[in-house]
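Below is one structure, written out as structure tokens; comments come after it.
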Amino acid sequence: MTVIATESLSKRFPRVTALDRLSVDIGPGVTGLVGANGAGKSTLIKILLGLSPASEGRAEVLGLDVATQGGAIRERVGYMPEHDCLPPDVSATEFVVHMARMSGLPPTAARERTADTLRHVGLYEERYRPIGGYSTGMKQRVKLAQALVHDPQLVFLDEPTNGLDPVGRDEMLGLIRRIHTDFGISVLVTSHLLGELERTCDHVVVIDGGKLLRSSSTTDFTQTTTTLAIEVTDSDAHPDGTRAVRDALHARGVDTHAEGAGLPGAGHILLLTAQGEETYDLVRDVVADLGLGLVRMEQRRHHISEVFTGTDEQNSNDEQRKEAVGHGG
Amino acid sequence: MAVEQPLTSPAGDQTRIHDIGYRGYDGPRLGRAYARRSLYSQSLRGAYGLGRSAKSKVLPMLLFAVMCVPAAIMVAVAVATKAHELPVAYTRYAIMMQAVISLYVAAQAPQSVSRDLRFKTVPLYFSRPIETADYVRAKFASLASAIFILTAAPLLVMYVGALLSKLGFAHQTKQFAEGLVSVALLSLLFAGIGLVIAAVTPRRGFGIAAVIAVMIISYGAVSTLQAIADVQNHSGVIPWIGLFSPVTLIDGVQSAFLGATARNPGAVDPSTAQGVVYVLVVLALIAGSYGLLVRRYKKVGL
């Protein structure tokens with residue numbers, strides 16, 4: 001089943017080409033749409049909502065044509081804009097009830113759905129206070145709630161983690177995951193950070209300059225290369241713990257390399273390629289044998305820059321890729 | 001979600017506690033027309049501060065009272081003195097109170113549309129089934145209705161008072177009806193002008209100032225020019241000058257067709273031909289402001 005399908009979709013403005021023959025099929029689940037600012041993410045969402053005609057090509061959302069059935073599409077999808085969109089002088093409850101009615105829900109249903117939805121996104125007593133006094137994280141939750149209140153089949157979330165601190169970011173990503181797993185709603189979420197989408201999405205579509213760069217399931221990214229970052233303490237026996245671990249690992253045939261210079265604490269972090277479960281055990285044993293403390297051992301994932309530079313290399317072993325990668329070159 | 005807590009043996013399905021978790025919605029979705037109606041009623045209530053903070057109720061309610069009190073006093077005087085006619089004609093009342101109406105429009109037109117523009121709520125509307133025209137129609141109709149309530153209520157007070165003091169029923173009803181037609185036209189015209197100005201000034205303060213400037217200053221300027229024309233014995237141009245302010249436009253229409261007497265200096269009633277021009281200008285302004293609003297919101301879009 002396909003939730004979103006585009007076929008050589010192009011959008012040209014007098015001076016810029018926002019989308020250039022974009023062909024992509026997106027199935028149910030959480031899909032990340034990644035691209036730098038100005039890559040064409042917002043333009044694509046506008047076209048998919050049936051609010052802006054494409055210059056050429058066609059697109060379908062939930063099996064409905066965006067050019068002719070925009071109204072029917074907008075009844076079945078939710079949209080959370082990137083920018084601030086909340087009036088400060090009304091409460092979250094009043095606002096979301098109003099938006100539910102704008103989606104066609106009868107008054108009683110609008111109230112019930114609002115209470116449910118606000119609870120699910122994590123707003124409790126504060127929902128009766130004016131939105132003006134909310135933190136950024138709470139405002140993002142209200143924005144999300146208004147996109148979900150009419151129980152859509154699909155939601156478009158435009159940069160939902162923008163402006164959030166790391167904890168708020170993680171909470172929002174967890175919430176996005178739940179929108180699919182618990183609520184059964186498919187998600188198209190945009191971000192310019194590939195890293196955070198990899199953790200959340202089943203599938204990632206990368207666009208740049210309006211062209212498709214790659215489209216693949218996230219397991220491809222994570223399974224082919226898992227980079228492990230480790231950091232250890234120093235001890236009296238080993239004044240330079242990092243070096244001791246590096247030598248010990250080297251002796252056991254594991255190559256390590258230091259994290260890129262210039263970053264704070266860079267000299268204390270070792271990166272190595274994990275082959276599987278054994279690598280984790282090996283690191284643990286080595287560190288324990290040396291009598292050092294293991295400060296961190298975490299997976300490092302790709303950044304968008306790696307996708308841009310490493311596209312060709314990835315192409316060879318990426319079978320779920322869509323045919324249009326060639327456009328990205 | 002769906003936290004399940006097996007209380008007894010795994011077999012006992014009935015003895016589990018379920019957090020019902022997320023519930024979908026299978027009920028009716030009432031579509032565009034319903035959404036438009038909801039937006040209309042929400043905006044109409046908002047124009048009187050209902051469903052909003054106590055602070056935002058003060059001004060509209062105060063202006064509503066200011067509109068109705070003189071009518072009540074007139075009725076009381078008419079009843080007490082057993083007059084044969086109300087001291088002020090139905091059609092004259094709104095013209096007499098034009099400053100109050102203009103203030104109301106200046107305060108409520110920006111609150112109706114500028115908020116959505118300023119806080120960028122508009123994209124949320126257009127990501128839903130309603131279209132640009134639905135939004136504009138709902139906002140236009142709600143402000144026009146709000147102004148109609150403001151201007152028709154005192155007429156109703158006068159009409160009821162007139163009937164209570166046993167003034168001629170047929171005569172009063174005809175004049176009351178003419179008054180209602182006049183204020184209905186005035187409501188549409190003022191709503192259109194107010195909304196167009198408010199829709200291009202997202203800052204509410206500027207919107208208020210701009211509406212006041214257009215409504216009250218144009219009226220002052222036109223009245224002054226008419227007075228000068230009267231003094232200089234150019235009474236022929238007086239009706240033409242009246243085309244340039246919303247209040248005198250309505251005054252001209254009702255003087256020509258709704259049995260009112262023009263309030264301009266020298267009291268020159270427009271001829272029928274001039275009256276037709278007045279009506280056409282009023283209708284063109286109403287249609288034009290609707291068209292401008294639709295164009296404006298097509299651009300704002302998403």
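Placed from the backbone N, Cα and C atoms, the Cβ positions cover glycine too.
Segment annotation: TrEMBL labels transmembrane segment over residues B:206-225 (candidates B:86-105, B:206-225). Long-range contacts of the transmembrane segment (B:58-81) within the same chain, counting only residues at least 6 positions beyond its ends with a Cβ under 8 Å from a Cβ of the stretch, are 47-49, 87-88, 93, 97, 100-101, 103-104, 107-108, 149-151, 153-155, 157-158, 160-162, 164-165, 167. Same-chain residues lying 6 or more positions outside the transmembrane segment (B:140-164) and placing a CB less than 8 Å from one of its CB atoms are 39-41, 43-44, 46-48, 63-64, 67-68, 70-72, 74-76, 78-79, 86, 88, 90, 93-94, 97, 101, 104-105, 108-109, 112, 172-173, 176, 179-180, 183-184, 186-188, 190-192, 194-195, 289-290, 293.
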